[in-house]
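Record features (Swiss-Prot):
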type     : residues : note
ACT_SITE : Tyr179   : active site, proton acceptor
BINDING  : Ser166   : substrate binding site
CARBOHYD : Asn158   : N-linked glycosylation site
CARBOHYD : Asn203   : N-linked glycosylation site
TOPO_DOM : 1-4      : topological domain 'Cytoplasmic'
TOPO_DOM : 21-288   : topological domain 'Lumenal'
Amino acid sequence: MKKYLLPVLVLCLGYYYSTNEEFRPEMLQGKKVIVTGASKGIGREMAYHLSKMGAHVVLTARSEEGLQKVVSRCLELGAASAHYIAGTMEDMAFAERFVVEAGKLLGGLDMLILNHITQTTMSLFHDDIHSVRRSMEVNFLSYVVLSTAALPMLKQSNGSIAIISSMAGKMTQPLIASYSASKFALDGFFSTIRKEHLMTKVNVSITLCVLGFIDTETALKETSGIILSQAAPKEECALEIIKGTVLRKDEVYYDKSSWTPLLLGNPGRRIMEFLSLRSYNRDLFVSN
């Protein structure tokens, strides 16, 4: 085990002390970005931040009226260009088609921000299998479809993917079983794909964004009278997601508590993943 000690220490230090590179707004100047779930909440705020930084944006959500308003505001804020394509991520054919159409509008892709979710109601789980299926399809499977469709463009640009997840995807909480299951699935799938990118030398970063209780209109409405803690601001949350994605971090934590990254970051898991990766014949996967 002694031969693993130094690599493990380096891993731990790397986890707790993120990259020294500082974020600069000009890093987004002219970048081509897709944002899903962009008609309101965190998605809308990300679109506004990106626009102020001079990015090209293509937005999607179910509400065409909401998207029209956001795109108009994006152009006012200084977006290099702003377009929208309305549709539902319950339709996997639309999800795949959306990426193709967005790529044509942008002329490529530098960053894919996956932020949409299906409607979630806080309640005890009894026998609503339909709710579980819908959550897994919209909150998880559509993310797989979108990222798979976008990967060829992202490989060309050495781009980035942001996966908007939740503390409910790192720890169990009552009343949101279906939602939590879909968020755990995001971690399992995309953290695995990140390892595969490392093994096969694919220079596309994947940033898992682990969010706490954020003051979006939807979250405040659904949790009214149930969650007693104070929500964190969506504007700052959106900016932290963008920063972490641009800096190609593996994970971004945003919550009112500064203890969240330490308690949920799970360095033990990272050590085990690092050690297990050493047992693979990487040359086999690179050649395939």
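Cβ atoms here come from the backbone N, Cα and C positions, even for glycine.
Projection of Swiss-Prot feature records onto the structure.
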{"residue": "Asn158", "record": "N-linked glycosylation site", "CB count, 10 Å": "12"}
{"residue": "Ser166", "record": "substrate binding site", "CB count, 10 Å": "24"}
{"residue": "Tyr179", "record": "active site, proton acceptor", "CB count, 10 Å": "23"}
{"residue": "Asn203", "record": "N-linked glycosylation site", "CB count, 10 Å": "13"}
Close recorded positions near Asn203 (N-linked glycosylation site), where close means Cα within 10 Å, chosen from Asn158, Ser166, Tyr179 = Asn158
Mean pLDDT, the topological domain 'Lumenal' (21-288)?
-> 95
Pairwise Cα distance for Tyr179 (active site, proton acceptor)/Asn158 (N-linked glycosylation site) [Å, integer] | 31
Cα separation, Ser166 (substrate binding site) to Asn158 (N-linked glycosylation site) (Å, whole number) | 26
